[in-house]
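Take a look at the structure set out below.
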Amino acid sequence: MSFYQPSLSLYDVLNALSNQTGQRGQQGYPRQPQRPQRYHPHYGQVHVGGHHPRHHPLYSRYNGVPNTYYYQFPGQAYYYSPEYGYDDEDGEEEDQDEDMVGDSGTTRQEDGGEDSNSRRYPSYYHCNTARNNRTNQQANSLNDLLTALIGVPPYEGTEPEIEANTEQEGEKGEEKDKKDKSEAPKEEAGETNKEKPLNQLEESSRPPLAKKSSSFAHLQAPSPIPDPLQVSKPETRMDLPFSPEVNVYDTEDTYVVVLALPGANSRAFHIDYHPSSHEMLIKGKIEDRVGIDEKFLKITELKYGAFERTVKFPVLPRIKDEEIKATYNNGLLQIKVPKIVNDTEKPKPKKRIAIEEIPDEELEFEENPNPTVEN
């Protein structure tokens with residue numbers, strides 16, 4: 001059996017290419033990214049600010065939980081992973097794209113106004129880049145608010161208005177003075193005269209800055225240098241003991257460690273102090289005493305089961321490990337660790353160790369190969 005294979009000429013190839021280009025032209029150009037307050041043809045309505053449909057990539061960014069449901073965490077310098085126990089395989093959050101942060105700041109400000117300016121998005125304790133992106137987003141939203149109060153439309157700077165005013169002032173100056181002057185000095189003079197009232201309006205319309213209340217007074221920026229007083233990093237894995245919330249107080253004569261353990265029993269706690277590593281390990285187990293079957297459970301935020309947390313103290317001042325005391329009351333486990341403030345103990349004197357001389361059997365045999373044995 002033979003098959004016939006037709007031969008293609010150059011004309012046939014060119015004709016096929018022209019047909020493909022014609023079909024692409026009928027489909028139209030690819031859709032360009034739309035700016036806020038623009039009509040999206042594939043949505044059928046105008047989307048302003050943060051109102052995006054569920055399949056939009058920015059939907060989850062504006063429909064999350066407000067930051068009022070979150071509390072602040074210490075910086076990275078206060079967390080460490082203890083060497084003993086289990087390994088910490090806590091994954092870090094991925095860095096967000098800077099372009100997405102910039103777009104979200106502008107769209108959120110145009111929609112919410114003052115409400116969106118007061119709302120802040122949560123930033124997680126193990127993600128420094130998210131904290132930096134949040135500050136950039138707040139700065140962009142503040143600029144958009146100022147432009148909205150002044151009356152300048154979005155996505156348009158103040159340069160076109162300044163240039164138009166400078167041209168009018170230049171024409172008036174030419175008619176009055178009737179002198180040949182270059183346009184550059186007039187534009188510079190007009191810009192300086194116009195920027196002053198704009199700056200005054202921005203300063204007058206700028207809202208007062210609110211002070212951020214924080215339970216960590218000296219935490220202003222993350223420091224790469226570890227703090228001498230540290231706690232173990234909170235565990236997020238479900239197959240390992242959970243980490244209860246902890247507060248550590250450093251007073252003049254004692255360290256006070258407070259852990260939140262509601263619904264627990266003091267007999268289920270185990271507190272161990274390791275003098276060699278200056279670490280205190282608190283572990284135990286919390287039992288579910290509600291008495292309702294888990295099949296009726298719909299929302300769960302309470303933690304039950306095994307827990308574990310470690311506190312690492314500085315080397316100095318030293319700690320009186322024999323006087324450590326712990327109390328459990330109202331769901332709070334309070335541990336007081338006293339310090340040795342005035343160390344009056346004298347250092348022990350140096351002790352020289354004498355080396356004992358042991359005779360060498362081989363040398364003795366060489367000196368006396370035939371020893372005489374006495375009867």
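Heads up, the Cβ atoms here are built off N, Cα and C, so glycines get one too.
What you see is a predicted model, and the numbers here were worked out from it, not measured in a lab.
Here Swiss-Prot flags 21-59 (among others) as region 'Disordered'.
Positions annotated as compositional bias 'Low complexity' by Swiss-Prot: 22-48.
Marked as compositional bias 'Basic residues' by Swiss-Prot: 49-58.
Per Swiss-Prot, the feature region 'Disordered' maps to 81-127 (among others).
If you look up Swiss-Prot, you'll see 85-101 (among others) marked as compositional bias 'Acidic residues'.
Residues or ranges marked as region 'Disordered' in Swiss-Prot: 154-238 (among others).
Residues or ranges marked as compositional bias 'Acidic residues' by Swiss-Prot: 158-168 (among others).
As annotated by Swiss-Prot, compositional bias 'Basic and acidic residues' applies to 169-197.
The feature phosphoserine is assigned by Swiss-Prot to Ser182 (among others), with a large-scale study or a structure entry given as support.
Annotated phosphoserine per Swiss-Prot: Ser213 (among others), in sequence order.
The feature phosphoserine is assigned by Swiss-Prot to Ser214 (among others).
Taken from Swiss-Prot, the feature phosphoserine covers Ser215 (among others).
Swiss-Prot lists Ser223 (among others) with the feature phosphoserine.
The domain 'sHSP' annotation in Swiss-Prot covers 237-356. In the predicted model, residues of the domain 'sHSP' (237-356) average a pLDDT of 84.
Annotated region 'Disordered' per Swiss-Prot: 347-375 (among others), in sequence order.
Positions annotated as compositional bias 'Acidic residues' by Swiss-Prot: 357-367 (among others). Across the compositional bias 'Acidic residues' (357-367), DSSP assigns 7 helix, 0 strand, 4 coil.
Residue counts for the domain 'sHSP' (237-356) under DSSP (helix as H, G, I; strand as E, B; rest coil) come to 9 helix, 49 strand, 62 coil.
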